[in-house]
Each structure stands twice: as C-alpha cells, then as structure tokens.
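The following features are taken from TrEMBL:
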| type | residues | note |
| --- | --- | --- |
| DOMAIN | B:56-236 | domain 'ABC transmembrane type-1' |
| TRANSMEM | B:58-79 | transmembrane segment |
| TRANSMEM | B:91-114 | transmembrane segment |
| TRANSMEM | B:120-141 | transmembrane segment |
| TRANSMEM | B:162-183 | transmembrane segment |
| TRANSMEM | B:189-206 | transmembrane segment |
| TRANSMEM | B:218-236 | transmembrane segment |
Amino acid sequence: MANPMPARAAEQSGTATSDAIVEVRDICKRYGDIEALRGINLEFERGKLTTLLGPSGCGKTTLLKIIAGLVPATSGQIRINGKVVTGPGPERAFVFQDFALMPWATVLRNVSFGLELKGVPQAERHRIAKHYISEVGLSGFEEKYPHELSGGMRQRVGIARAFSVNADVLLLDEPFSAVDEQNRRKFQEDLLQLVEKERKTFLFVTHSIEEAVYVSDRIVLLSPRPGRVSQIIEPNIDRSAAPDVIRRDKGYLDVVEEIWQGLRQYAE
Amino acid sequence: MKLFGFKVPMMTSLLFWALVWEVVGRMDVIFLIPPMSAIVSAGFELVATNSWQNASLVTLRSFVVGMALAIGVGVPLGIAMGRFKIVDNIFGLWVNMFVSAPLSALVPVLMILFGLGETTVVVTVFLFAVWIIVLDARAGVMQVPPSLIEMGRCYGASSITIFSKIILLSALPEILAGIRIGLIRGVKGVVIGQILVSIIGYGELFELYSRSFDMERFWALTIILFAAAMLLSAAVELFEKRIEYYAGAR
Ligand SMILES: Nc1ncnc2c1ncn2[C@@H]1O[C@H](COP(=O)(O)OP(=O)(O)OP(=O)(O)O)[C@@H](O)[C@H]1O
Ligand SMILES: [Mg+2]
C-alpha cells in the first residue's frame, strides 16, 4: 500500500513536468548571518496535498512564507502557474499558526475580510463567507467574536477565510498546533474532506509525523539548518477506508516508521 | 468592599470621611477646615455666581483647546514613532524625558514665552497631556501582531488599507487608554497653569479665596474640580469598556 520514493530533487529542476502549479527554483534564504534555506528545488502538483516536515528551525515557515510572497528570498524564483511571482497574489492564501484573526471583528467579518479587501460587495461576500463558515462546521457562530471561540474553532475561521477568496493554493503553517489531540484528529479528517471537495492545492507544515502521513499525498523532509530537501516520500494511503482503519493500517505505520528513521539522525 | 462580613457600597467610605470632616470642622480646631456642610452650601452659592461661571468657561476653553492639540499631535506622533524607526529615534528620548519630568517647573518659563494669559494655560495643558498620549499610541502600534499585518498583505491589502483597517483598530485600546490618562493630566495642567498665572479662570478664584481666607469657597471649588476630573475619567472609561470586548480578550 505504501510506496515510498527517494528524493531526486536535483533532477526536478529544469523542465517543468506534468501539472506543477507551484515551482520552487533554487531558493536560498539568509537572515543576516543565519542561513535558513539552501538551494531548495520543489514542484507542487495541482490538487495535491504536500507536507513540509522537518526539525524545528529548519526553515519550514520561511519556505512557506517565501512561496506566499510574504518574505523575500535571498536568491531563486517562485513560479505560480508558470509565472514568476515576487509578492502575495490572489492565487495563494495563507493560514496562520496563530490564526491572525482580527479580535474586533465577528467571525463573519473575519471570514469575509479577504473578499472585503478585493472590493466584493457586502451582500455577495457575506453569502460566500457564510457558505464556508458552514463548510468548516461553524454555522451559528457568524456573529461571535474570536475570543468567544476555542483555539480549534478559531483556526476553522482562518481556514474558512482562506477558502473564501477562492485561491488555487492554500498554504497552512502548523494550523493545528494549538488544537488538542482529540480535536486534532477530527480536524485532520475534516481537512481531508475539504481537500476532496474543494480540489485545491495544499501546502501544509506540521511537526507531527502521524498527521503528515495521514493527510498527505507527498511529504517533503527538510534537513536541519540550513534547510535542504533531504527526502521526498509518497505515502499512497488508501483514503477510502475509515479513519480508524487507516490509523492501524500496516502501510500507514510503515511510512510513519520510515520517516521517523529518516528524521532520527537529526534528533540528538 | 466588605466590613464585618457586611457588604458596604463604595460611597459609604466617602460619606464616612465627609462625616469626619464635618465633626472636625464643627470642633473649630483650625480655620483651614470649615464644616463640610458649610462647604457644600458655599458650593451651591458659588456655582450661581457670575465669576464662577466665567471662570469655568475660561477654564473649559483652555482645557479643550489644549487637549485637542495634545490628542491631535500626540496620537499621530505616537503612531509614527511606532511605525518608523527614524521618527522613534528622533523623538524617543524627549518623550521619555518629558513624560516623567516635573512639568510644573516649566510653567514660569512658559509665562515668559507666552505671556500671562490663556495661551500659557493652553500650552501647559498640552505639555501635561501630550507625552503619555504619544507613548501609549506608540505602544499600541508596536504590539500589533506581525501575523495580522502579514494576513492583510496576503489577502492583497495596500499599505494604506493595512494601516486603516488593521493597525489603527488594533492599537485603538492603547490609544484610548493614553487619551484617558492624558485627560486627567490635562486637568492637572489647566489648574496648575491657571494657579501659576493666577489672573485667569480658577487660578484667579483660588488666589482670591486663599488671600481672603474664604476657606468654604476654596474647598468647594477644589471639590468641584475633583469631581469634574473623576467624571471625565469615568466617561472615557465607559467608552473604553464598550470596545473592551476585544481589548480584554487579547
Ligand atoms: N525574521 C527572522 N529574522 C532572523 N532569523 C529568522 C527570522 N525568521 C526565522 N529566522 C531563523 O530562520 C530559521 C528558520 O526559521 P523558521 O521559522 O522558518 O523555521 P521552522 O522550520 O518554521 O521552525 P519551527 O518548526 O520551530 O516552526 C530559524 O533558525 C530562525 O531562527
Ligand atoms: Mg514554523
């Protein structure tokens, strides 16, 4: 069931293969003396969920923000749909680790904020926002303020906001890190349903190996600073099975173990 | 407040001290403390006089003009300091020095600069109030979560939109807190300014009452001022509470 593949990062540059929506070309990033990323080459296929996994401080957030156009790269290129981009754009939406919700605005206003910035008329943007609020399971909370919600619910607001702007690529930086374990599993299952339903490209950062294997089509392992691509794994999990079955599946557990072996060398 | 297990409303302590004052006043120990009842009745007479009404008008005018200047200058300056390193470097030292400086000592200098009139009082109000407004506005802008600004950029907001829709609203609780403290300091400023200039507004009245040992009116005026300052503070606090649903939740 699992069919891990070794990384061939070097080969992937040059000719654009298949249907890559996001292309990362020779990205390097320095923060003063700190070299955060070195020579990253990656492609992200349309409609797939790719996870960035690696030890703390290896540059996962940095890479995601460079792709989002929020942080400038020191060198290298990001291409979206074949076009080089240097800043944020409507084809990408970011989900923040700390939710980045406006505390003075209701759930409805927060979710529709991306559309508000685009100049979508109020009635229209509220209609769209309400649709995604119910999609993430927050119906009835439209008029609540962020501080009235739990951490998990707040992140659902952040996800609904990202969906509302109808971006092709969703960038999620440890979206579930502030969510407790029971809710986390529910979240992962909900996320998979959304991936299935919305047919978008997801780039996902997490610290949890189990979470990565459970939700990903592809897992990119990064080495410690300076971050480089050390391995790419495709779990090939059969997601038609029930969540509990998947989590006990031999193939699933094997991939988890393999990643753990791959990352173990970096843990002291 | 609780006393011997009984719930006592806050006003009780105020009434208690008024009573103590009354008793001490009746005992006639020092002429400085007339009975509270005499002060209160003097207060009612006072507010009916022309001189008090004129003085109040002058005082209010100096206060309002001084405060408007302090807010108009303080909030933008504080925001600029919070946003731009250069502005912060240029003004930071001065603001921090003035916010805790004994400004009353400056008033005589102001009298030389601006004359013995309303201008000096207005400038005094401004100087008393402006620094804390600057510092709080600066702090408010600096505590805006970076991810909130990144969120704005990510969803295509221009710098101006980020400023007006995110930074300003995020800093609003601190800005208002600064204005509230500024208002209280401004009351101090208007009184100290007028007393030192001593020929206008309440300063003139205070001067008059203390010179003629009219302690009833002196205390009545003082109490009116205290009450006005407290009411002002309470009013702003009420306004702050209304937006606290998010300030308190951060
Ligand atoms: N603004 C910055 N200025 C200086 N150094 C930074 C900055 N942002 C990140 N770094 C450094 O770059 C490196 C990579 O940071 P990054 O946040 O991308 O790591 P990460 O993989 O997301 O870590 P974590 O798993 O802890 O979230 C870290 O060593 C960090 O200290
Ligand atoms: Mg990170």
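Heads up, the Cβ atoms here are built off N, Cα and C, so glycines get one too.
What you see is a predicted model, and the numbers here were worked out from it, not measured in a lab.
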Going along the chain, which residues at least six beyond the ends of the transmembrane segment (B:120-141) come within the CB cut-off of under 8 Å?
62-63, 65-67, 69-71, 73-75, 77-79, 81-83, 88, 91, 95-96, 98-99, 103, 106-107, 110-111, 113-114, 167, 170-175, 177-179, 181-183, 185-186, 188-190, 192-194, 196-197, 200-201, 203
Other parts of the chain folded back onto the transmembrane segment (B:58-79), taken as Cβ under 8 Å at six or more residues beyond its ends:
87, 91, 118, 121-126, 129-131, 133-141, 167-168, 171, 175, 178-179, 182-183, 186-187, 189-190, 193-194, 200-202
Taking a Cβ cut-off under 8 Å, which residues six or more beyond the ends of the transmembrane segment (B:162-183) line up next to it in the same chain?
67, 70-71, 74-75, 78-79, 82-83, 129-130, 132-137, 139-141, 143-145, 148-149, 151-153, 232-233, 236-237, 239-240, 243-244, 246-247
